[in-house]
C-alpha cells in the first residue's frame, strides 16, 4: 500500500490516509459496540430494574454517556481509590437514607453508583481490585483526608462471600450494617421489588416471590460462593463468578439478606468486631441526626460541626436508576406471609439475640404493623428505605 501511494504521488497518499482513517474509525466503532454490549449485559444482569428505565438502550443518549463514563472508569482504574467503608445491609433497612446523609458531608466523595453491585458482576464476572476501583473516584477527586464508600445492601445476600472478597480487597475498611425486624424488612422488600418496572417479577404476589427465593436457595450456586470465599480467605486476590451465580444473587434480595445473625457473624469474623457498626432501623427513624453523627464518628469524620437537616423523605428510586410503579398489589402484611416469614426467621432472631443481647423492635408508627402479632397496619414506611 505504501509503495502504491508513493508511486501515485499526493493523490495516492491522500487516498491511503482516507482508507486508514476509515479503517481506524471502523475499528473504534466496533470496539465501542463490543464494549457497549459487554457493559450493558453486566449492568442489566446486576441491576434488572434498569430495564424499566432504559427500554431502548442503543437509542438513549444517557446510556451512551453512561457507557463512556464507565469506559473512562475502567481505563483509569489504577489511579482510583478503593472504598474506605461499606454499608453492606440490609435491604429496606435505611441504607438509602444513610447514603443520602453521607453525601451531605464535605469530606465524603461520591462513588459512581449508590449500590455498586460489584459482587454480582456489574463490572464483569471477574472480580478484582482494578475492577472495583473503576467504580470509585480518583485520588485527585478524593485526596487524603476525604473518604469514599459503597452502600450496596445486596452484599448481605451472600455474607460469607461478600465479607471474604471485600476483606481481601480492602482489609482496613469499616463496615456499617443497618438492620430491622426481618419480617418487616422482607415484606417491605417484596412490596418494593414487585413494583419495579422492567423486572421479570413486576406485579408478582408474595407467594410467587417467596416460592422463587426458596427455590433459588436450593441451588448449588451458594456452595460455589462459599468455595470462592474459602479461596479468598486462603489468599486468592481475585475470583470469577458465573452468570448463574449473578442471577441467583441479584434475585434473592427478599429473604436471604435479612438473616442478620449470619451477616453480622461473617463480617465480624473477617473485619473484627471493632470495625463493624450495627445501626437499628428504629434508631434511624426515631433519632436520625444522632444516628448519622454516630456513623460519621465511626468512619473517622467530624460529626459535630456539620449541619444536618431533619429526616428526609428518601426512597431507593431517589438515588438509583429505577422506575417504580405507585400501584401495589397488597398494602398490608397478610397473615399467610407473616406466618411464613416468622417461621423462616425464628432461628436467626434467636441467634442474633444471643450474639448481641438485643431484641428486634417492630416499627409500628407508621409501619406495616406489629409483625409479632401477625397483623398489619395499612401503610408501610414511606420516608426511610
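Going from the start of the chain as shown, residues are counted 1 onward.
Cβ coordinates are placed from backbone N, Cα and C, and glycine is handled just like the others.
The stretch that TrEMBL tags with transmembrane segment, taken from the ranges 20-41, 42-63, is 20-41. On a Cα basis, residue 180 (3'-phosphoadenylyl sulfate binding site) lies 8 Å away from residue 92 (active site, for sulfotransferase activity). There are 23 other Cβ atoms within 10 Å of the Cβ belonging to residue 188 (3'-phosphoadenylyl sulfate binding site). When pLDDT is averaged over the domain 'Sulfotransferase' (83-304), the result is 96. Annotation note: residue 180 (3'-phosphoadenylyl sulfate binding site) sits in a coil segment as assigned by DSSP.
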